[in-house]
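Asks: Sharing a structure, written as structure tokens. Questions coming.
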Amino acid sequence: MKRISLTQHLIEEQRLHNNIPAELRLLIEVVARACKTISHAVGKGALGEVLGSADSENVQGEVQKKLDIISNDILLQANEWGGHLAAMASEEMETIHPIPNRYPMGEYLLLFDPLDGSSNIDVNVSIGTIFSVLKAPAGMSAPNEQAFLQPGSQQVAAGYAVYGPQTVLVLTTGNGVQSFTLDREMGSWVMTQREAKIPEDTKEYAINASNARHWFAPVQRYVDEMNAGKTGPRAKDFNMRWIASMVADVHRILTRGGIFMYPADARDPDKPGKLRLMYEANPMAFIVEQAGGAATNGKERILDIQPTSLHQRVAVFLGSKNEVDLVTGYHNEA
Ligand code: AHG
Ligand code: MN
Ligand code: MN
């Protein structure tokens, strides 16, 4: 098998499509290198003293795990000095992180969920890192939060690393979705899938069903109809999976199809769903669309949403196109 490294892929993409200038390539390679470091820390587990809580809370009031903070620091340090970024924003930091004055300022903005699936860290289940890249607005002198508030359709790259039985990096720069497996001995990312395609139809769905009593009618209807199986209105049996790491659930969907849902529900009108638009929904929506799938908040395309704040939450329905269209239709009928 001919091995194509991440670097070779990025250079060839640039030659073919002229969409990965040198600074963006550096950015992607630095993020990928940071993910390698995180993967190494994750793999050490208790031996590396990285498990357990950190006795602190993030801006969303969630208890932080040690690995949330370690991963955040790894990404910050890796990306500060290269000259490719103007600023960073993270799920684990209240405000944006401008590039310190001692380093040159670049034209990109990097956003990340440093460690996705925190509840799975201590139980040795797949977790991941999600990232999104925007261009700083033209003429911006000093980066501020406003610069980040661009709809997901403006992303120039997005990706995730999943730390599972294998560490895999999934990437889009707007020309399909490529996957790279970490060769641990060589320390290199090797392309293992050139063009991920999500099947349009599926028999598999993912939702945290313990919230069923809080769901709104369109979600209730959609899930009830799937659960009715062969003799119900959908006339087929469905299977259910919920890993509680969005990265791992999305990776399964990218591999064999499915629909992932984290809907808004009746609990707290100020909290439209649990997932964060800028660090989770937008990058995943970009990847899923580039693989032929769809992503909505139940009503509209996630990538069309104009963000109003850095840490805003959003309902998410993504994956196999025909299923996302169906549940989105149920919301728009209601
Ligand atoms: P994070 O660990 O970054 O806070 O994200 C966890 C998210 C997402 O990965 C997952 O799909 C969801 O939360 C799981 O939520 P429940 O615990 O409600 O199932
Ligand atoms: Mn997350
Ligand atoms: Mn996280």
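For all residues, glycine too, the Cβ spot is worked out from N, Cα and C.
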Asks: TrEMBL has Asp116, Gly117, Ser118, Ser119, Asn208 down as binding substrate; which of Lys36, Lys44, Lys271, Lys274 does it also list for that site?
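Replies: When TrEMBL describes the substrate site, the candidate it includes is Lys274.
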Asks: From Glu12, Glu225, Glu280, Glu289, grab the residue that TrEMBL records in the same Mg(2+) 2 site as Asp113, Asp116.
Replies: Glu280
Asks: Starting from the Mg(2+) 1 binding annotation in TrEMBL that includes Asp113, Leu115, which of Glu91, Glu92, Glu94 is the extra site residue?
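Replies: Checking Glu91, Glu92, Glu94 against TrEMBL: the Mg(2+) 1 site match is Glu91.
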Asks: Go through the binding-site residues Ser118, Ser119, Asn208, Glu280 and pull out the ones with a Cβ less than 6 angstroms from some atom of ligand 2.
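Replies: Near ligand 2, sequence order: Glu280.
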Asks: Quick test of your reading of the structure: among the binding-site residues Asp113, Leu115, Asn208, Lys274, whose CB sits under 6 A from ligand 3?
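Replies: The ones that qualify, in sequence order, are Asp113, Leu115.
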Asks: Find the longest CA to CA distance in the recorded substrate-binding set Asp116, Gly117, Ser118, Ser119, Asn208, Lys274; express it in Å as a whole number.
Replies: 16
Asks: For the binding-site residues listed here (Ser118, Ser119), which one has the lowest count of neighbouring CB atoms within 10 Å of its own CB?
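Replies: It is Ser119 that, of the binding-site residues Ser118, Ser119, has the fewest other Cβ atoms within 10 Å.
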